[in-house]
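Structure, as structure tokens:
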Amino acid sequence: MNKSKFLVYSSLVVFAIALGLFVYLVNASKALSYLSSDPKACINCHVMNPQYATWQHSSHAERASCVECHLPTGNMVQKYISKARDGWNHSVAFTLGTYDHSMKISEDGARRVQENCISCHASLSSTLLENADRNHQFNDPKGASERLCWECHKSVPHGKVRSLTATPDNLGVREVK
């Protein structure tokens, strides 16, 4: 076999192996699931089981998915930029073992969730607007003295996450259809 044919065949073999590894990693990591809005993508990592289980048993389970609360709404570009940035940060943290096992929301994540709480509840509930008090000033961009919704509404939607971390199988979260 001459040298040029050997290089072509060798290159094809290396490319095929690299492609096979790439396909395997995409499949093993369930990478395509992260492009969806399916809340089950959030439990690809066992660390999120308590958050998924508490959301699943909350009033929000029938009305809002994880991405509707945790990612920007309205602008698809911003949504996927945030999703990619968060995914990259999570991947690096889990790969290097530098993540906080108690899973605390980031400052940017808290801002997005707060904006989505206000957006969803301000548009859905005229009662809250009519009876607005100092804690529910939805029309004020700073809100009620910059309080976060979950400071008062502690059980929405994740409830007592810490108590679920010790629950065997986290309420059967893996069997959810």
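Every residue gets a Cβ built from N, Cα and C, even glycine.
Annotated in Swiss-Prot:
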- Cys42, Cys45, Met48, Asp86: heme 1 binding site (BINDING)
- Cys66, Cys69, His70, His158: heme 2 binding site (BINDING)
- Lys79, Asp86: substrate binding site (BINDING)
- Cys117, Cys120, His121: heme 3 binding site (BINDING)
- Cys149, Cys152, His153: heme 4 binding site (BINDING)
- 1-5: topological domain 'Cytoplasmic' (TOPO_DOM)
- 27-177: topological domain 'Periplasmic' (TOPO_DOM)
- 6-26: transmembrane segment (TRANSMEM)
Helix, strand or coil: which one is His153 (heme 4 binding site) in, per DSSP?
coil
Averaging the pLDDT values of the topological domain 'Periplasmic' (27-177) gives 75
Of the binding-site residues Cys69, His121, Cys149, which sits closest to Cys45 (heme 1 binding site) by Cα distance?
Cys69
Spatial neighbours of His70 (heme 2 binding site) among the binding-site residues Cys42, Cys120, His121, Cys149, His153 [C-alpha, 10 Å]:
none
Determine which residues of the same chain, besides Cys42, Cys45, Met48, Asp86, have their CB within 8 A of the center of the CB atoms at the recorded heme 1 site, and list them by sequence.
Ala41, Ile43, Asn44, Val47, Gln51, Cys66, His90
Nearest to His153 (heme 4 binding site) by C-alpha distance, among the binding-site residues Lys79, Asp86, Cys120, is Cys120
So what's near the topological domain 'Cytoplasmic' (1-5) in sequence-distant terms, Cβ-Cβ under 8 Å and 6+ beyond its ends?
none
How many other Cβ atoms are found within 10 Å of the Cβ atom of Cys69 (heme 2 binding site), counting all protein chains shown?
19
Give the distance between the Cα atoms of Cys42 (heme 1 binding site) and Cys66 (heme 2 binding site), rounded to the nearest whole Å.
8
Tally of DSSP helical, extended and coil residues in the topological domain 'Cytoplasmic' (1-5):
3 helix, 0 strand, 2 coil
Cβ within 8 Å of the heme 4 site's Cβ centroid: which residues qualify beyond Cys149, Cys152, His153?
Cys117, Arg147, Leu148, Trp150, Glu151, Lys154, Val156
As a whole number of Å, the Cα atom of Cys69 (heme 2 binding site) is distant from the Cα atom of Cys117 (heme 3 binding site) by 7
